[in-house]
């Protein structure tokens, strides 16, 4: 499980990158206008959709891509065993079949998962898709030369821990069986009720062995989705996709594929992307972005302009920004001190420092506010939106600090970052009112990340954030609170170094549950139980606000990704 | 007042008096210094401080833009509030002046001290000492000081007081110009009769330096310091702009400018305030430095005297009368505005 946290964190980092530019319009009414834009203009096939992005779509190889739910652009080219439901809001957190006929048949204890392929599935060249090709891509994802993908399978598949990929070890993985061209069976070394959610990732896409060109495969991959790659320049900086004639909507109920061509241009400054989308001149009217949010100032400008405000999509990606404590450092070993800080926190000023109430929602639970994660509302330290300094002072007195306390808050110096100086300064001011003097220790971005993720150097009181690879409580709570996931040498995400047998056992018990709804309820209860220990203070959940072009229709934003789904967008 | 020596303060003042641009610069500088020194008093009169958050004064749903006009200007917030936090901008600006001026003045003093010491030692020392010190000086002159400052500021732990660190870094990196000027001046003066006489009379090198050379260095060093000071202000603002200057919540103009850049469309007064202040400060120091330079320039001095007398004699102002003198002397005049009707 060593790698698991890294992966989840990386998704988090991507989310932060996206959120950096973030700004917003008032939530409720704006999503209404989004719906309107989609409804009264019926989407039609044809045209070219332009995607304006900041980050390049690097390593466009299904074995190397690290995606949540199969990704946005990748999902246009790669179909997977299962995929995310392409629907607005909470409905979009469901996992649905893609190449497979269902989301998987588990064995009784959820250690064996069996999938059958639909009929009539073809690659772009018309050859049939087989389960052997899916197995082959999974094996490729273990090859050191094709690194980058999610590490879960190495942990989960029987005997896969040291597998080096099909180039060095052509015998393949015995944990994956393909009894016939349409059946694939996975043998796991422990119960994993969330296997169908993992099967949305692009390592579960088919790659025909005969067409595999190793590290060059990303330039001309063989498409199983509605689009094929015309060109992929400079490692994903400019990708052009055209319609795949051998893809059929009859086998794919999820992707709408309205435009004939999709042109993905990256390396554009975030401010420029927002400026171009708001101006909407020429081709930019047919443009969207999949990685650039509106920033606070941009939101302020958009809010004052009705025509622009109607072109803002609002999304919720499951993410939590929080205060992390290391109880091994004094005085944070004292739960009363941690509770005092939890009471003193003023979420209003923290949220304002991060762009205001349209870009963030106050958090008192560690799990994001979505049923799929198991969200169960609770607030163990009810202090209201503005904090309760009087109660905090009382707790400090009980903790033995009647005259207040001086502590150091470690944060990232990157301006606008979710762990950045704006949040730290807002906390400093709020805690001052409660008699806690906060000294700020700002660290350079990479140094900060190294410092807080190493148990040797971890400070006592710092800022952190967490997002999950799929919408469930498992990848959200496990890496942060599972005592067996404490990593000694670095890449540790269990900030509190919490190793509570009752928590660990409950995590194991929930992983056995294959009914995701039932599991969600248990995750919610576990979150509440951990929350009472005050080893973290949840601050806020970011909200994504993104502009799209004037002629864009059928905007669908799921709570899985929080981002407009490119497979649903039409330009005509 | 006792009769002033040829290059004394009184003479400088007399020469400066005839230059309205330099005088205006000087007045602005005095005002800025008063503002910086009186920051706590000014903030107290307004009834605000630099760190208090006012969430009620910003529109949280619209990205945190200040409520009201011109960035939320009101009777209790004279220059409005900061977007997002609602912190008082007047208080932050006047306190920011302390950082800008304090660091710049401190760094300039440090540069003068180091530069004069190196220049004197190089000019008076043996050939060997001179070439060694001159090479060291060359290294500091050609070194990209700002880039090195960025590197230094990034590695020093955050617990070190930031304004002091900024002063030290700027001071220790950019003294090369002073050393070069001082060395050149010492080499010229050294060969003059009065210095030789002092040496022949048995003065030690130290005494010679102190009694005979230092007074001759005042004019060039003062001039160069006046020119360097605005450069230091800009450097401090630049480093704070890059996020490696003073740390929050200490306000600084560069830092405010940096936070304000994204707001230029939504809340333009937030950008304008630190930008205009920085501009005015640098302009004031530059104009004043130019005045000092001209006032201390022996060649310009003669022109000035002619001009002044001409001004008294004729109906025109000192400045307008100085123009023909400039032309006659053949030396290009300083580029200050010649507002003929200003007087």
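Glycine too: its Cβ is placed from the backbone N, Cα and C atoms.
What TrEMBL says about a protein is an automatic prediction, not a curated fact.
Since we're looking at a predicted model, the values are computed, not measured.
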Which range of B:250-269, B:270-289, B:290-309 is transmembrane segment, per TrEMBL: B:270-289
The annotated transmembrane segment range in TrEMBL, which must be one of B:67-89, B:136-158: B:136-158
Transmembrane segment range according to TrEMBL, out of B:192-212, B:213-233: B:213-233
Stretch among B:99-124, B:164-182, B:213-233, B:270-289 sharing the most Cβ pairs under 8 Å with the transmembrane segment (B:21-45): B:270-289
Beyond the flanks of the transmembrane segment (B:136-158) by 6 or more, those residues with Cβ under 8 Å of it: 118-119, 122, 165-166, 169-170, 173-177, 179-180, 183, 235, 238-239, 242, 244-245, 247
Distal contacts, the transmembrane segment (B:164-182) - CB-CB under 8 A, six or more residues away: 102-104, 106-112, 114-116, 118-120, 122-123, 133, 137-141, 143, 145, 148-149, 152-153, 156, 217, 220-221, 224-225, 228, 231-232, 235-236, 239, 245-246
